[in-house]
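Shown next, in structure tokens, is the structure this report addresses.
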Amino acid sequence: MERQVLLSEPEEAAALYRVLSRQPALSAACLGPDVTTQYGGRYRTVHTEWTQRDLERMENIRFCRQYLVFHDEDSVVFAGPAGSSVETRGELLSRESPSGTLKAVLRKAGGTGPGEEKQFLEVWEKNRKLKSFNLSALEKHGPVYEDDCFGCLSWSHSETHLLYVAEKKRPKAESFFQTKALDVSAGEDETARPKKPDQAVKGDQFVFYEDWGESMVSKSTPVLCVLDVESGNISVLEGVPENVSPGQAFWAPGDTGVVFVGWWHEPFRLGIRFCTNRRSALYYVDLTGGKYELLSDDSLAISSPRLSPDQCRIVYLRYPSLVPHHQCSQLCLYDWYTKVTSVVVDIVPRQLGENFSGIYCSLLPLGCWSADSQRVVFDSAQRSRQDLFVVDTQTGSVTSLTAGGSGGSWKLLTIDQDLMVAQFSTPSLPPSLKVGFLPPAGKEQSVSWVSLEEAEPIPDIHWGIRVLQPPPEQENAQYAGLDFEAILMQPGSPSDKTQVPMVVMPHGGPHSSFVTAWMLFPAMLCKMGFAVLLVNYRGSTGFGQDSILSLPGNVGQQDVKDVQFAVEQVLREERFDTGRVALMGGSHGGFLSCHLIGQYPETYGACVARNPVTNIASMMGSTDIPDCAKSCRCVVEAGFPYSNDCLPDLSVWADMLDKSPIKYIPQVKTPLLLMLGQEDRRVPFKQGIEYYRALKARSVPVRLLLYPKSTHALSEVEVESDSFMNAVLWLRTHLGT
């Protein structure tokens, strides 16, 4: 029988990519104030922000769309769009005031060259721009932080001041041999004289400023800034401890001061993106006295503090250990008036049956409190799904708001006055926008969801979750009895499954997971005729803290064997074409892919690795996360304690090398396509070069794509589209059509 045709020409794959890549992604939502019509009806405006790939402009465009939700206090009566989508150019941050009458917008404008781009902070009222402040011209600070790690844009409760985070203004520096410009503005009878120099520091123009690593380049020393909307005066807050970098700030009750998270930056900064384990604590700075107060334990890591509507309590995520880089978190509650901190939801070592498996989100939504300031809503991975949960802060009881659904995944965008805005998707259904009211306590499982924007399902994609139990010889002695899962996607109704090729995709991290949500690359491959196996090996988030802790010290072994076990079992059960199995992985998924073609060379006919770790030992001195991180297992993931003030001994270096894919180079024969970002700070591209040269020396088919301005994620539109097409052609060449 003839093999299943994957594609006849590259143009077909490009056409398919063009169609599916048009699916927009939700990035944010906020709710306007409650409005009562002259006829007694009540409605709220839902303002949503989306992103979409534009292949003509080769960029991600941002656009907004508004919807109206008519309601009767506890249920949606009618909901629908209010006008068409509008592209928003230059918007970096936006936030409505507490009353909803004002809106602040941080906007960039100007050229693209160095020093040409400017930042403006605008204040809008109804249909007009009320104020516009040229932050760049005022020179009170450097660029404003727009990221979700440090960045914030917060209205005071009085709506008279705006709080944000920006880079600290650096002193001017000049050469010891700088020639002074002459002052030619003097009168004709005066001799030209040197201009009065600025207070520039001689010899400091090449001083090294540490930044916060991958995707945080040039962000080094954040400061808290307050803008007086009426006067336009900007103040840089004093009182922040010298040893921490502030971020995620908001106004304290009564506008008496500012609450913020402070991250330790001594003795040096480590990469912070995707690393929730960075030592940090909750602080309060009084605006009158300029003194700070520590509000939490300062030996752990915290994230996303959120003030309750009654301004009495703050919830935040707390991580019980500074290793590994991401893990199960506690939900903590700080009472503003009693100064008492309590743990509302604790770490879950292991999921029991269908019970809650813990909190794994890295950030709580900005809007997460119920109207009565008693309950908190959030989303979290639960095994291979992502669900919405509500927790009662008084009793600690956790209830799923989306259990028993169709098996897809949910993301909470915001909740305000008990009206929730959420996103829902599946591997075959792009994101849909939904709203629903949070039911009263005790009835939370009865949410009635209404669609504001319903996506069309992609036909001929079937998917399901496979539960996998490692064989006895692969059990972890310290954490025995752990299982793991994989999401299997396959083309609909093939004439003969034995002719269907399979692409295996282990996720990055290693402490992250695949969930049953929309993913462009797997959907594309499935539409082209591939089965796609997405493996959540032991160590993935969503399966309990024990699963996460089972992996450090066992990378390159436990995770590799889990993926291989999943592949063999699925091939055996589904009877896919065993002669056409390929690997595709990025970051730690690339690390595993390179391991698999070395440890199991007979299984795989082709491999695509994106920014893979190939030699843990050689990467330790160049990555932004030498301790343990999203894509490299330098020390902690290799099974050793990390310390800022010491170097590993020879045995540790040897063991890191022993756990690396490059150890298995002599066995590799699978054709490999490497894709590297030249600006990758997490896994420096030299890792891929090292592996590439080792394969070239042994005449193994290998091709290298080096993207000059791309970072670790390879997510720029031009890079992402090019890398996918090259991956497809690589699979076509080495697996056959």
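Keep in mind that glycine also has a Cβ here, set from the backbone N, Cα and C atoms.
Taken from Swiss-Prot as is:
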| type | residues | note |
| --- | --- | --- |
| ACT_SITE | Ser587 | active site, charge relay system |
| ACT_SITE | Asp680 | active site, charge relay system |
| ACT_SITE | His712 | active site, charge relay system |
| MOD_RES | Met1 | N-acetylmethionine |
| MOD_RES | Ser185 | phosphoserine |
Between His712 (active site, charge relay system) and Asp680 (active site, charge relay system), what is the CA-CA distance rounded to a whole number of Å?
5
Mapped DSSP class for Asp680 (active site, charge relay system), helix or strand or coil:
coil
For Asp680 (active site, charge relay system), the number of other Cβ atoms found within 10 Å of its own Cβ:
25
Rounded to the nearest Å - Cα separation of Asp680 (active site, charge relay system) and Ser587 (active site, charge relay system):
11
